[in-house]
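Participant: When I checked TrEMBL for this same protein, it listed these features:
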DOMAIN    25-410  domain 'Nitrogenase/oxidoreductase component 1'
BINDING   25, 50, 111  [4Fe-4S] cluster binding site
Ligand code: SF4
């Protein structure tokens, strides 16, 4: 039953749907997380299906010995004939002996390990003691528990209890969410210009994880980090409400939230952000012609849908037909929701057939969706954009605003060329 949800004070048309979903599981996050934490290894404790998913999602990006693998649970494990715990311990020990570069090892739970109730928390604890100084942590990327980007959330939340305590009087800001290194470097320079000391979660190496302390303010760099935020709150940090740094407007709002919390003077804020805002405005101009007035439909996938819809509507002049999102965190997205055009249809959850029917009826100019839906939609003559690209491509901040717009404009230009 798809009941309407009270729109509270935000003026959007909010509906919650329950039904069949077409969203990747949280294992997908390994594809960008293994590049971010350079001495970590992700061992999926799963099936051949899990191995195929990771390989096909990441296959094109492997240039060196990969830092992820799958410990396959076979029929004997699943039937309880073999001692899965002993086999897992042996596999991890072999791996660490062969790869001395590994400093941090994640045991990533999957549907099969959940079904046979393999206790990965105990395994991580046991192996951490045995393999020190290598740290072994665990989180679930299973399709039973997580959607697509929730894998990153679970991974970062698993890191939080282990983060070192910062000194008394430490006055830094924490930014939580895996960002491309180039984006992180740009933000580090902007925060330095604002006079705000900053640390990033996750760090780029196991020994470079950020120190935190109670009272420390934090900004979320991604909208899908509900569990990480809960873990940070649990260690006494406090969240700074802000839009997300997508597009020029979102980036300015995100930086302003930190600046206000740190008492940065408005003149200093204007001076530090002026050049970036100007470059972003220039970069957006050519894409506005392609996107203005175009009708865009978001299928639920990455949880980036609401900030992206805000960017496309307000900065590019696009018309938003529907914003599907797997979950809508009312608190973290409050500033984004307030910026959506009044009456925007936001659908939390998914009932795939109903949503496909609505997309077919609406015939949007562009559908933003997961890989599984792109082919059927293209076959019906609808242009698509894979939402997974928004996680693989650096899109946050002023310098990437043009690239972000280009991701949406390109399929429209391509289609226009094909139709000529
Ligand atoms: S974790 Fe579950 S949904 Fe994800 S690939 Fe493995 S079996 Fe499939």
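For all residues, glycine too, the Cβ spot is worked out from N, Cα and C.
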Participant: Translate the DSSP assignment of residue 50 ([4Fe-4S] cluster binding site) into the three-state scheme.
Facilitator: helix
Participant: Return the residues near residue 25 ([4Fe-4S] cluster binding site), defined as same-chain residues 6+ apart in sequence whose C-beta is under 8 angstroms from its C-beta, sorted by sequence, else 'none'.
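Facilitator: The list for residue 25 ([4Fe-4S] cluster binding site) reads 53, 110, 111, 141, 142, 143, 146, 147, 148, 151, given in order along the sequence.
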Participant: If you count other CB atoms within 10 A of each CB, which of 50, 111 wins among these binding-site residues?
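Facilitator: Per the Cβ count, the most surrounded site is 50.
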Participant: Name them in sequence order: residues not among 25, 50, 111 whose Cβ is within 8 Å of the mean position of the Cβ atoms defining the [4Fe-4S] cluster site.
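Facilitator: Counting only non-site residues, the set is 27, 44, 46, 47, 49, 53, 110, 112, 141, 142, 143, 144.
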Participant: For residue 25 ([4Fe-4S] cluster binding site), which DSSP three-state class applies?
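Facilitator: The three-state answer is coil.
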